[in-house]
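Let me begin by presenting the structure, written as structure tokens, before commenting on it.
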């Protein structure tokens, strides 16, 4: 074996899970190609490589997004002596969310216009570069630069990359996934969010433990040695997030384009015409002579058949003496397999941007599918309003749940932040996400009932917070909070991501997923501003000794009820009444066609068994 082949072998094996299903059917007409390509995809198994490569990037996105929970307390000690101004906290926290909003909208549209593969990896390169530059951000030797401005700027750039990864990873996984595995593949991809947040807490605990000799264990004051050590620690925590995407960028740039995007968006009539002529229009005289290329290629003998059975110029093929000749059928088509550029004939080509926008307008408004996009967007918005309040803001929330311990020693307080996040948030998210993967076929029902369960849980937590604060039974609130984290990931937090990647046409799938995810970021931005600036009387939610968090949780319960109502009436069902995933092509037909399919399913059910099936 050649050395070059040995070097290329890993790359060749890596590409096999994404084998190009399109080229093997290029000689057929477009509709037949389309059908056979999708059948070929559906024959595949669970796409571990697809989920793995997409998941590495998504894990990093989550790590960088939620690492701010552990980094902010360190920055507070290093630069503000433990008293970070509220405006600074808001700027650092919101910069990545605003960047994510921009990235989801921008790269969502670009993913539909220029292809998933062309952009897949660029967003991770942005994350890698901005993460590295944030880790080395400095105010300069003469303090000529503003450290908050640099941190916020690179967090904003990081957010653009993170936001772009949402629609691109989702649609690539969805379009490569066999129909029976699509729900589990998408939920396994999103599971990396919980894993990334988990690793952010683990890395922080390890880093603080390594630096323990330089941190006060019997004092709440952080001196110069403590600040110098923590300044190194937070940079390491952030910088580690640049390593996984650097690997994932390489892996993503060697995968082929999504077969569905190739078939339905990048239509190439010139190449199709060439393939038709090559496969269906043989050269004149090719089968007329024993000396033809057919004879030379096969080593067999082509003879003229008996005139009683066929005409003298009808070719035949024999494979030895004593065997009857086999007639060769005419390979000339009566019409080209793919429509060619002739008058009054549709030309298969990629739409211009104007045609794309007109088609998008028609799909949403003329055809009445705007409710599908409104459903996926609004359900994501109300979910993230509560989720990002309790996750991105969790150092303040967790201090309230365990009791405000502002007088803890530096080392103990920092370690407590990590342990509390693991116990109250990460463990529940890990378990909840795993349960969703197992039951992904019921994702629409899980979202509907998940909203209701979250609403009820928020009511219970809110009442317990107000009634039990300061009592020996306050640990019950911590348990309920952990259950809430579990329900988040075993419910709408995962399903909103999954369903938005399934229910829209290929031409608009990335755009619609990006819009839906961006709506979620609007909810998270509103939640952050609400928690930071909302005043109840003279106190804010995060103020010491404030009990308003309990009432805020009751407000979240109302939002969860709104999410359940939106899901019930506007969020499309990606599965039939038996829990089987519908094909992406059936879902792409729109609301009217989907309603008809659901009615046909009901009619089939009633024909097989009297009565009406349970509405899932």
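Heads up, the Cβ atoms here are built off N, Cα and C, so glycines get one too.
Annotation source TrEMBL lists transmembrane segment at 46-68 (among others).
Note on the domain 'Major facilitator superfamily (MFS) profile' (50-575): its mean pLDDT in the predicted model is 79. Per TrEMBL, domain 'Major facilitator superfamily (MFS) profile' is recorded for 50-575.
Taken from TrEMBL, the feature transmembrane segment covers 88-110 (among others).
Residues annotated as transmembrane segment in TrEMBL: 122-142 (among others). Taking Cβ pairs closer than 8 Å, the transmembrane segment (122-142) reaches residues 57, 60-61, 64, 103, 107, 150-151, 154-155, 157-158, 160-165, 168, 235-236, 238-239, 241-242, 245-246, 248-249, 252 in its own chain, all 6 or more past its ends.
Residues or ranges marked as transmembrane segment by TrEMBL: 148-168 (among others).
Per TrEMBL, the feature transmembrane segment maps to 189-211 (among others).
For the transmembrane segment (233-255), the residues of the chain that approach it from at least six positions outside its boundaries are 11, 14-15, 18, 53-54, 56-57, 59-60, 63-64, 67, 70-71, 74-75, 78, 117, 120-121, 124-125, 127-128, 131-132, 134-136, 172, 200, 203-204, 207-208, 211, judged by C-beta separation under 8 angstroms. Look at TrEMBL and you will find 233-255 (among others) tagged as transmembrane segment.
Summarising the annotation, TrEMBL assigns region 'Disordered' to 300-319.
The feature transmembrane segment is assigned by TrEMBL to 421-440 (among others). Listed by sequence, the residues of this chain that lie at least six past the ends of the transmembrane segment (421-440) yet keep a Cβ under 8 A from its Cβ atoms are 69-70, 183-184, 186-188, 190-191, 193-195, 197-198, 201-202, 205, 390-391, 394-395, 398, 401, 446, 478, 481-491, 494-495, 498.
Counting residues 6+ beyond its ends, the transmembrane segment (446-468) has Cβ neighbours under 8 Å at 379, 383, 386, 436, 439, 474, 476-477, 480-481, 483-484, 487-488, 490-492, 495-496, 499, 547, 549-554, 556-558, 560-561, 563-564, 567-568, 571 in the same chain. Taken from TrEMBL, the feature transmembrane segment applies to 446-468 (among others).
Feature annotation from TrEMBL assigns transmembrane segment to 473-491 (among others).
What TrEMBL lists as transmembrane segment is 548-571 (among others). Remote same-chain partners of the transmembrane segment (548-571), defined as residues 6 or more beyond its termini with a Cβ less than 8 Å from a stretch Cβ, comprise 371-372, 374-376, 378-379, 382-383, 385-386, 389, 397, 400, 444, 447-449, 451-452, 454-456, 458-459, 461-466, 469, 492, 499, 531, 536, 539-541.
Sequence-remote contacts of a segment are chain residues at least 6 beyond its ends whose Cβ falls under 8 Å from one of its Cβ atoms, and for the transmembrane segment (473-491) they are 191, 194, 387, 390, 401-403, 423-433, 435-436, 446-447, 449-451, 453-454, 457-458, 460-461, 464-465. Within the same chain, the transmembrane segment (189-211) stays apart from the transmembrane segment (88-110): fewer than three Cβ pairs sit under 8 Å, each pair at least 6 residues apart. Away from its own ends, the transmembrane segment (46-68) comes close to residues 14, 17-18, 92-93, 96, 100, 123-124, 127, 131, 155, 158, 161-162, 165-166, 169, 172-173, 176-178, 181, 184-185, 188-197, 199-200, 203-204, 237-238, 240-241, 244-245, 247-248, 251-252, 255, 391-392 of its chain (Cβ-Cβ under 8 Å, at least six residues beyond either end).
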